[in-house]
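Colleague: Mind looking over this structure? Questions follow.
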Amino acid sequence: MVLVLVLALIAAGCTAGRQEQAGGEAGSSEGKVLTLTLDGAKNREAELQVIAQYLKQVGIDAQVRVWEYQTLVAEAQKGTREAYATDWGSATFTPVDLAVPKLETGGRGNYSFYSNPEVDRLFKEAAATTDEAIALEAYKQAQQILYQDAPWIFGYYLDAIEAASAKVKNWQPSMDSRINLHDVELEGGDTLVVGLRADRILSLDPAAYRDRDTETVIRNIYDGLVTRTPDGRVVPEIAESWEQPDPTTYVFKLRRGIKFHNGEDLTADDVVYTFERILADDGLDGQPSPRKGLVEPLQSVEKIDDYTVRMKLANPSAAFLQLLVHTQIVPKDYVEEVGSAGLSQRPVGAGPFRFVEGTLDGQIVLERFDDYYGGSPDLPPVGPAKVKRVIFRMMPEPATRIAALQNGEVHIIQEVPPDLVAQLENDPDVQVKVTQGTRLYMIELNTQKLADPRVRQALNYAINWDELLQELYKGHAHRVATAMLPSGFGYDESLKPYPYDPAKAKQLLQEAGYKVD
Amino acid sequence: MRGGWVLRRVAMALPLAVGIVLVSFILLRVMPGDPVDIMLRGGGTSSEEEARALARQLGLDQPLPVQLARFVADLARGDLGESIRSRQPVGQMLRATLPATVELALAALVFAVAVGVALGVLAATRRGSWLDRAVMAVASLGVSMPAFWFGIVLMLVLAVGTGWLPTSGRIASQYAGTVPWRTGFLLIDTLLAGNGAAFRSAVAHLVLPAVTLGAELAAVVARVTRSSMLEVLGAEFIRTARAKGLHERRVILVHALRNALIPTASVVGLQAGVLLGGNMIVETVFSWPGLGRLVVEAIFARDYPVVQGAVMVYALTFLVMNLLVDLAYTWLDPRIREA
C-alpha cells in the first residue's frame, strides 16, 4: 500500500516530464489561441474546473490537471508549469511572511519567478523603517505595482470557522490560530476537550517546530515575552514593558514572580537562553532550529540584570514585536539537563497549563497550573486558568470532529468546513464562531512562460470570482486585490480586486497577439 | 521435516526483505519534493543559507550512495534515524503507533472472521433460500462500500444518533493519565492497570473502527466460505459421515467446516496484511493514532526516515503473515506437510 502510494506520486512526476516534452512551448505566436493548463491539488479542483470554463469563454483553451501538492510545488519550482493553485499562510500579520517571500525576487515562496526591482525596494524600505506611516506608504505603492504586473490570478482567503459546545463560555477564536484556553470556562465540567484538525503536531519544544497547529498546543503550555490580542495588537506578557533606545535596540523589563511548572523562577537567563538556542546553528541537540528565520533580524540577546534583557537587531524592523509573539520562553536549567528531545517529551513552561501526558499524534493532556502569574494584564481575566484540565485530540477528519462535538465528547473544534456550518448552526447545543483566516489562496502564473502582463491581467478579468466563491464556500471566502490580507498591516483597502470583465479580457488577449474568437 | 520447511521459508523471505528496503529507499529519494523546503515553508522568512544549513544537518546534501550507506550502517545498529520534521527517533514513533494499528487490525480480523464465517456457513447450509440471497446481497454491499463513507455513516448512526458508542479516539477522555503505557495495546494496558471501566471504554472505542475496517474482509470471507462449504458439502466423505449417523450440526461444524476453511485461511492471511497496511483511511476517520496515519502524513511531508521505517515494518509484517498462513495450511491440511 505504501509502495503503491509512493509509486503513484513518482508516476505523477514522471508523467509531467514526459507531457511537457511532448507539448512543447505554449502557443505564443501571432493569431494563435492561448493554451493553458491549470494545475492544482485535489482540494482546489472544483474551483479550477469552473475557472477553466470562464477562460474558455474568452477564447482560452484551458484544461485542469490535479496533482499531489508537494509534487506540484516541486514541478513549479523547476519552471515547468504555467499556472498553479497554491496557498501560503501568514503568522505575523504583516507582509513580511506573506507578500514578501511570495513576490520578492528569489523569495522562498516565489513560485511565479516574479521579479520587479521597484517592488523589492519598497519591501525593503517598509521592513527597514520603524515609522509605521512610511512602511504603510511603501506597502501601498507595492500593491499598486503588483496589481498592474498581475503575477498571479489574485485569489482569496477563507474564514476561520470554529465551533464549540454551548457549555463553553468566554471563548473567542483568534485570527492567529491560538486557541486561548486560559480564559475559557466549561459549564458543568472540569475537563475541556479540543479537537484539532492536525494528524499530529511536530514537537512540544517551542524551538523545534514550524507549524500552526503545533503552536496552538505549545502556547497553552508556554508564554512569550509578548502576546497578541484577538484583534491583532501586541501586548506585554512575560515582559512588563519595553523601550527602544535606538532603531535596532529593544530593552525588555521582565515581570517578577513568574514561575515555571517545575517551580523555578523565570529570569533574564531563561530569556537569553531561549533566543540563543534558536539563533545558534547547533542549538537543538546539535541541530539548528527551524525557527531561526522567524526571529530575523534578531542578532543578539544579552542579559543586563536578572530582570532586564537587551536585544540587538541587524536592521530596524517594524515587524519585530509581531515576530516575538511566536517565541515562547523555556527554562534554561531544565532544558540544559534534558535537551530538546527531553523537553518535547516532558515540556516545562510558564504558561497557564502544565503537561500531564500525551503523544504528538494522539491526545495531549494538560492540567491547570495553579501558580500561574496570570498572563497578560491586557487580556482579562488575569489569574490561573478557569478549567481544571484540557485535552487536545488529533482529529484530522472534519466529519469526525463535528460528530464528536455533537456527541459531547469534544467541546471545541477547529476548522469547520463551510458547507457544514448550516448544520451546526441549527444545533442549539453548539455555537459557531467565524473569524478571519490568515491563509491566502491564489493561482500563481509562471511569469517566465506568461511573460506579457496583458495576458496575466486578462486572466484576472476573465473570471467571475464572486459567483464562484459564493457557490463553493457559501460566503466564507473573501477576495483580495493582490497579495496581502486585510488582517495584516499595510493592506490597501482602496484597491479593489479585478472585476469580472470578459470583454476587457478578450481585448487584452488580442492586444497581446492572441486569437480569441 | 516441519523445522526444515520453516527454515527454508524464512531463508526465502530474507532477500525479499532486503530488496524491499533497497527499492523503497530509491523510490523515496526519486519522489519530487524537498523535505527541507516543505519544513521551512510554514513561516516564509527563511533564507537559502538556513535551508542549506538544515539540509547539511539532516544529511540530505550528501550524494544518494552516501545516504544509502549511512542508512544501512545505522540500520545494522538498529538505528532507524530521526524524523525530519519532528526530530523524534523513528523507532520511538513506530513503537508508539504500531500497537494501536495492530490492535485495530486484530479486532477487525476477529470481527471479519467471526461474522464472515458465520454468514458463509449460514448461507451455504440454506442454499437457494431467501437467507442465502440476503447474505450474498449484504456481502456484495460490503465489498463495494468505501470504508470512508461506511465509517462516517456508522459514526453518525451508532454514536451521534443513538449515543451507544463513542465517535473516535482510543479511550474516553476521563481515563487520560490513569492507564500507564506498558504494551501500547489499550485492551491489555487497561487490564494490567486493573481498571475495568477503562477496559470497557477501550472496547467501546474499538467497535466502530474495527467494524469499518473489517467489513470488506467479512464480506469476502462470507463469499469464500460459502462457496467452499458448498463444494465440501457435496463431497463423498460428507455423505459417508451422514451415513454413519452423525448429527447434522457435527457434520457441518466439525467435518465440513474444517475442510472449507482452507481457502478461507488463505484469503484471511493475505488480507490481514492489508488490514495492517490499508487502514489509513479508517485511522483518519476515527482519529486512531496508528501507523497508517503516521506514514501517509510522512509521505506528504517527504519525511524519508519515517516512511523508510514504516515500509520495513509493513514488509516484515507481510512476510510474517504469509509464513503464518502457510503454517495454518499445514495444520488444516496435514497432506501439505509432506510437500
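For all residues, glycine too, the Cβ spot is worked out from N, Cα and C.
Grabbed the feature section from TrEMBL, which reads as follows:
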DOMAIN    B:98-325  domain 'ABC transmembrane type-1'
TRANSMEM  B:12-31  transmembrane segment
TRANSMEM  B:104-123  transmembrane segment
TRANSMEM  B:135-160  transmembrane segment
TRANSMEM  B:202-222  transmembrane segment
TRANSMEM  B:260-282  transmembrane segment
TRANSMEM  B:311-332  transmembrane segment
Colleague: Mind checking which residues of the chain, 6+ beyond the ends of the transmembrane segment (B:311-332), have their Cβ under 8 Å from one of its Cβ atoms?
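Modeller: Beyond its ends, the transmembrane segment (B:311-332) has Cβ neighbours at 2, 6, 9-10, 13, 16-17, 20-21, 24, 80, 94, 98, 258-259, 261-262, 265-266, 268-270, 272-273, 276-277, 291, 295.
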Colleague: Taking the transmembrane segment (B:135-160) as the first stretch and the transmembrane segment (B:12-31) as the second, find out whether 3 or more Cβ pairs fall under 8 Å, excluding pairs closer than 6 in sequence.
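Modeller: Between the transmembrane segment (B:12-31) and the transmembrane segment (B:135-160), which are separate recorded stretches, there is no contact, as judged by 3 or more close Cβ pairs.
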Colleague: What stretch in B:12-31, B:202-222, B:260-282 has the biggest tally of Cβ pairs under 8 Å against the transmembrane segment (B:104-123)?
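Modeller: The stretch with the most contacts is B:202-222.
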Colleague: Which bits of the chain, at least 6 residues beyond where the transmembrane segment (B:202-222) starts or stops, bring a Cβ under 8 A of a Cβ in it?
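Modeller: The answer is 103-105, 107-113, 115-117, 119-120, 123, 135, 138-143, 145, 147, 150-151, 154-155, 158-159, 165-172, 186-187, 190, 264, 267-268, 271, 274-275, 279, 282-283, 285-286, 288.
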